[in-house]
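**Student:** When I checked Swiss-Prot for this same protein, it listed these features:
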- 7-122: domain 'Response regulatory' (DOMAIN)
- 157-261: domain 'HTH LytTR-type' (DOMAIN)
- 54: 4-aspartylphosphate (MOD_RES)
C-alpha cells in the first residue's frame, strides 16, 4: 500500500509556484501522479471533473474563479477529493483551516511543511477518509467570514520586466494601463518611471485593489489616487489627470469622479 499510486491536480495562477510545487512533490511523494496543472479556477474545476483526482492543491486567490468557489463546487460532485489550500498568510483563513482539520500550505512553500502535508494526506487516503463533511463546514465558515470581515486587498503584485520577476508594492504604483492581453504597471524608481508587465485583465486586477485607492478613469487606465498631482480640463471639455509629468485622459463617463460637490 505504501507505493500505491494516487492522482492530483495543482491549481495556482503563478507558473513558478506550480513548477516549484510539482518538483517538490516529485521528491517527497514520487507515487503521486500529477494529472493536470491549472492557472485559474475555471480550468482547475474542468480538470478535476475530467480526472477525478484523489488530491487537489488549490490556491485561494486565482482569476476567473477563486479556490474557495472551486472547493464549494467540488462538494456537489460524487467523489470529493482531499483538498489542500495554498495561501499567503491570512489569520482568518488559517484559523478556519485549523478548526476544520483542512490542510493548507503557506507561501512561500516550505519543503518540510509540504512533507508533513503529504504524510497526512497518505494516511487519510489509506484510511479512505471522506473529506466532504470537514470541507462543507469550512465553506460555511468562509461564507460567514466574507459577510463580516473587511475585504483583504493585494499589497504586492508580481510582474515581469524583461526576463526578471519583480515584487511591486501597490502603494508605489502610479497607474496601470491595459495593453492587449497584458497590463502595463508604472512606478517611479529614482528619477525614472519604469514599466512592468502583468498577465491579467483590468477587471481581474481591480477586484484585487482597494477601490478607495485605485480609480478607473478610462476603459484602459486605472490610477493610484494618492499619486495624482492635479486634474485639468482643456478648451474642448476633455479632462486630464496629471501624474508624474504625464497626462492621462479621463473618459466622459467617469468625469464625475472628480466633480466637486
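Quick reminder: no glycine exception, Cβ is built from N, Cα and C everywhere.
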**Student:** With an 8 Å cut-off on Cβ-Cβ distance and a minimum sequence separation of at least 6, pull the same-chain contacts of residue 54 (4-aspartylphosphate), or say none.
**Tutor:** 6, 7, 8, 81, 82, 125
**Student:** Under DSSP, the domain 'HTH LytTR-type' (157-261) has how many residues in helix, strand and coil?
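**Tutor:** Helix (H, G, I), strand (E, B), coil: 18 helix, 56 strand, 31 coil.
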